Amino acid sequence: MPRDPSIKKVLLIGSGPIQIGQAAEFDFSGSQACRALREEGVSVVLVNSNPATIQTDPDMADVTYVEPLQADIIAKIIKKEKPDGILSGMGGQTGLNLTAELAEMGALEGVKILGTPLKAIYEGEDREKFRDLMNRIGEPVPRSVIVSSLDQLEHAASVVGFPAIIRPAYTLGGAGGGIAYNLDELRRIVELGLGKSRIHQVLIEESVAGWKEIEFEVMRDANDTCITICGMENVDPMGVHTGESVVVAPILTLRDDEFHLLRNAALKIIRALDVQGGCNIQFAFKGDDEYRVIEVNPRVSRSSALASKATGYPIARVASKIAIGLRLDEILNTVTGKTPASFEPSIDYVVVKVPRWPFDKFKTADRTLTTAMKSTGEVMAIGRCVEEAFLKALRSLDTDVEHHTVLSELKMILSRPTDERFGALFDALRQGMTLNEIAEITRITPFWLEKIQNIVEMEKALTAHPDDATILKAKEFGFSDLEIAQYSGKDVSEVESKVGLPVYKMVDTCAAEFPAQTPYFYSTYGDKVCEVTHSDRKKVMILGSGPIRIGQGIEFDYCTVHAVTALREDGYEVHVVNNNPETVSTDFDTSDRLFFEPMTLEDVSHILQKDDYYGVMVQFGGQNAVNLAVPLKNEIDRLNLKTRILGTTPDAMDMAEDRDRFSVLLDSLSIPTPPNGSAYSEQEAYATAERIGYPVLVRPSYVLGGRAMEIVHDDTELATYMREAVRVSKSHPVLIDRFLQNAIELDVDAVCDGTDVIIGGIMEHIETAGVHSGDSACVIPPQSLSPEILADVRDYTRKIALGLGVVGLVNIQFAVQGSTVYVLEANPRASRTVPFVAKSVGIPLAKIAARVMMGERLADMPYKEIEVSHVAVKEVLLPFNKLPGVDTVLGPEMKSTGEVMGIDYDFGRAYYKASIAAHNRLPKSGNVFISVTDDLKDQILQVAKTFTENGLSIYATSGTVEFFAERGITANLVRKIAEGSPNVLDMLRAGEISLIINNFADKQSRHDHQQIMRVAVDYGTPYITTLQAAVAAAEAINSVREENLTIEPLQHYIGR
């Protein structure tokens, strides 16, 4: 049947900021949905708060609202836009929760809920309704009890027993859940889970930890045609969230009858839910036909992004078309260009997904993996065998693996699921543990352990007898040339000459049964036939950014996609190399050719040798891609390839990173920089710090996201840093700068063609120097800087860009102290603020940069710096609610996972929007707790006065109450933590505090601060830790009480 003609306009809800449990997969699915709906003549209204996404580009939807994802705000958009339907399943858990809220408040009268019906949302997300539905259709679920209060826990424990699994209703990435082994743990987890749940409901169920975890991605249309897209198997057994597990496709350890038993159950469940579109169903499987249905995601999910990339089947595109009435057999599979979407995909290769965890950033975090997610991103690898896919995935992670050789230590690591366990499996086998021993400790299916044992045996074979046959077999297993050289004792070039280049095979949805129109490729040594074809068009390779991690997020995928789009519009053939299954850049039709490969020198150079490339672009893929620039140039020269690094030269990139060279450049341009130096040893560091004067900012060179960056105040702290935080070498010194206290920091993003410079935007940070720029809120245009200061910033930006020889993007960070503008650093590459600037001012910086890198001149383009009449604020999302044990104090090392944008016509309202979009809802009524250091009390006075004038009550400890009283402000007394209860922690737990403003000066106040922040995070109370943010919050609260928020589309602000 044709699409529903009554659906002319659809509201699509995005997923908001990148956070643990909800990453870039929803930008990929939402962007695909926008294109699919518009192909059918449907007008799309998009609402999403995340400026770093492709879907919030002004050209992606017909109307784009970059607004907080709050039901009351979306209700106003619905009233204004009058959509015929709402599509919630592309916005992850956020989209489903908001749709349910909107329906409950009556905002969806006359608006059709598309794809996932309201009944399916309730039955999929409400744990009690889901259990009842499964019982009705005869599908087994774990024994369980639903609780909505702590009084019910003893009864629940008596029914379920221990260990018990806790699953809150309507939460993201298992948030608020976990595994309890006794009543005290059960009480602690359930108390948090009830607070996280939208309906204050938690399921406590019997543990099936140790069973196999199997997932099916299924699709259904209005005609009741159902297909399975992909079956996936978790290497980790039940007890670890699927987002935290190593996952393999296709399912390899079930017999055919077992596979069809679960497949049939999955189809039965999607029919019972009446979902029209995609659905993810998770099973626990014990064997002997015994299984349990664990949960259903009646929407596009992280697993569906993986299934889509693993098979080539465009799940979000097909689900969007089904949502407006099309049948599966009426939708064309755009990968083959011939088959209908009703054909089930088949694959003739092995896909492995491995999560990327942030524990390299958070040393104190609890690394235990449970039913609540902690990873920030993931990589995907494809091979002809499990061993090859495993090793390519591990190579893609780009993490340092700590090896263990002590058996007692290994057994302890294996006994508890952590991020270290998968790597420890290899070490355990190297140390002689048997498969049975390891299987007994870990409950991992022996099949997977056998594959790892094959890899370990190959390591031994390479060492013992590295003949040609052994080396070739190692390549089939996925070993890199460098690894083979290390094990065999041979030179890398000798290995290269023996094994040659890999072949490249297609991912085409149909196991090569039909020719593919838009294929993507993976390398293998397990086949002889190469499926890459050649064209005569001018080809450019663009390196993507790999897995999402703190410091390198979706912003770089945005830049990659914009560069691809610009070059394809100009007629170039564009090839992308990336390994992240969540992203738009790895969508089947983003580039002319996609290589799903590790982002290493060897893997990239292999691709370059397979075709004639005009050039390679590294500056859009973040620090990892930029770090490849110099070695890749050397490799191109060594192999005598007819290609080049496009844009800014590797030497210019090195000049910006090399502190000594960069300082010489700034001196020659008469541009001020804080006193600084480089240290190649501990003694040099002491001497440099003494010359500069404490406090100093110390950091390693060539890193992203401020990794291992600290402010140190004396020799003792510096000694600790040099011995514990960094490894200094002759090629990687420690950089030491005078720390500019109370300075205002600025970021500038610009494009340079070697002759001219266009400034995209000047961003003023809300927080002062000392907080990493990636963790600071920032605003366009600057709010507190004089025209003279801004003129200096513009002048220095042009001089530095031209002095470095930038061709493409450049980001420069400044600090303003008094009337002096200091340059902190310059990064001649894409930055994490490029998407925010582009959305704020309407200039497509990444597209302009890509064209400049191909030789176009800025003078021939219709762009210039724009003065905007509105205000845009970028705020960050911090992961503390997902990572117990993490220090919540902000500093020079980046901790945020994502960002949001608030846009309005004054700073207060824009900041208010950004705050609530970042889940830090500023109160219009209630109690504010203020506890700041003595040096800030005079400055916090006006903040407190503004709060009281707006009807908020102030709570503080004795010293602050007295200080306020002497100055005419009434504050209520609350005990210090050390003075016992009732104190601020008790008030937070009781829900009596609406906002926390707290900083610290010494070890005791820092300890108190950490306790307050941890309870505030656990109970969802907004908190502020800097004076500047408190001032901004007061202005925001005052502004929204005086005037309503402006709800207008992005196109309205930027004149589209």
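Using N, Cα and C of the backbone, Cβ positions are placed for all residues, glycine too.
What Swiss-Prot records for 1-398 is region 'Carboxyphosphate synthetic domain'. The annotation ATP 1 binding site is assigned in Swiss-Prot to Arg127, Arg167, Gly173, Gly174, Glu206, Val208, Glu213, Gly239, Val240, His241, Gln282, Glu295. According to Swiss-Prot, the feature domain 'ATP-grasp 1' maps to 131-324, an assignment based on sequence analysis. Taken from Swiss-Prot, the feature Mn(2+) 1 binding site covers Gln282, Glu295, and the record attributes it to sequence analysis. Here Swiss-Prot flags Gln282, Glu295 as Mg(2+) 1 binding site, drawing on sequence analysis. Residues annotated as Mn(2+) 2 binding site in Swiss-Prot: Glu295, Asn297. If you look up Swiss-Prot, you'll see Glu295, Asn297 marked as Mg(2+) 2 binding site. The region 'Oligomerization domain' annotation in Swiss-Prot covers 399-532. As annotated by Swiss-Prot, region 'Carbamoyl phosphate synthetic domain' applies to 533-921, with the evidence given as sequence analysis. Marked as domain 'ATP-grasp 2' by Swiss-Prot on the basis of sequence analysis: 663-854. Among the features that Swiss-Prot reports, ATP 2 binding site is placed at Arg699, Arg738, Leu740, Glu745, Gly770, Val771, His772, Ser773, Gln813, Glu825. Residues or ranges marked as Mg(2+) 3 binding site in Swiss-Prot (evidence: sequence analysis): Gln813, Glu825. What Swiss-Prot lists as Mn(2+) 3 binding site is Gln813, Glu825, and the listing cites sequence analysis. According to Swiss-Prot, the Mg(2+) 4 binding site annotation covers Glu825, Asn827. Per Swiss-Prot, Mn(2+) 4 binding site is recorded for Glu825, Asn827, and the stated evidence type is sequence analysis. Look at Swiss-Prot and you will find 920-1056 tagged as domain 'MGS-like'. If you look up Swiss-Prot, you'll see 922-1056 marked as region 'Allosteric domain'.
Sorting the region 'Oligomerization domain' (399-532) by DSSP state (H, G, I as helix; E, B as strand; all else coil) yields 71 helix, 12 strand, 51 coil. Packing around His772 (ATP 2 binding site) is summarised by its Cβ count: 22 other Cβ atoms lie within 10 angstroms of its Cβ, all protein chains included. When other Cβ atoms within 10 Å of the Cβ of Gly770 (ATP 2 binding site) are tallied across all protein chains shown, the result is 19. Separating the Cα atoms of Asn827 (Mg(2+) 4 binding site) and Glu213 (ATP 1 binding site) is a whole-number distance of 44 Å. Ranked by Cα separation from Leu740 (ATP 2 binding site), the binding-site residues Arg127, Glu206, Val240, Gln282, Glu295 are led by Val240.
Sequence-distant contacts of Glu825 (Mg(2+) 3 binding site), defined as residues of its own chain at least six apart whose C-beta falls under 8 angstroms from its C-beta, comprise Ala656, Phe662, Ile812, Gln813. Shown are the binding-site residues Arg127, Arg699; of these, the residue with the fewest other Cβ atoms within 10 Å is Arg699. Note on Gln813 (ATP 2 binding site): other Cβ atoms within 10 Å of its Cβ, all shown chains, come to 19.
Cα separation, Glu206 (ATP 1 binding site) to Arg699 (ATP 2 binding site), rounded: 48 Å. The shortest Cα-Cα distance from Glu295 (Mn(2+) 1 binding site) to any of the binding-site residues (Arg127, Glu213, Gln282, Gly770) is found for Gln282.
Neighbour counts were taken as the number of other C-beta atoms within 10 angstroms of each residue's C-beta; across the binding-site residues Val240, Leu740, the minimum falls on Leu740. In the three-state DSSP reading, Leu740 (ATP 2 binding site) counts as coil. Annotated pair Val240 (ATP 1 binding site) and Asn297 (Mn(2+) 2 binding site), C-alpha to C-alpha distance, rounded: 17 Å. With DSSP classes pooled into helix, strand and coil, the tally for the region 'Allosteric domain' (922-1056) is 71 helix, 19 strand, 45 coil.
Taking only the Cα positions, the spacing between Glu213 (ATP 1 binding site) and Asn297 (Mn(2+) 2 binding site) is 15 angstrom. Fewest Cβ neighbours within 10 Å among the binding-site residues Glu206, Glu213: that distinction goes to Glu206. Neighbour count (other Cβ atoms within 10 Å of the Cβ, all protein chains): 25 for Asn297 (Mn(2+) 2 binding site). Between the CA atoms of Asn297 (Mn(2+) 2 binding site) and Arg127 (ATP 1 binding site) there is a gap of 12 Å, rounded to the nearest whole number.
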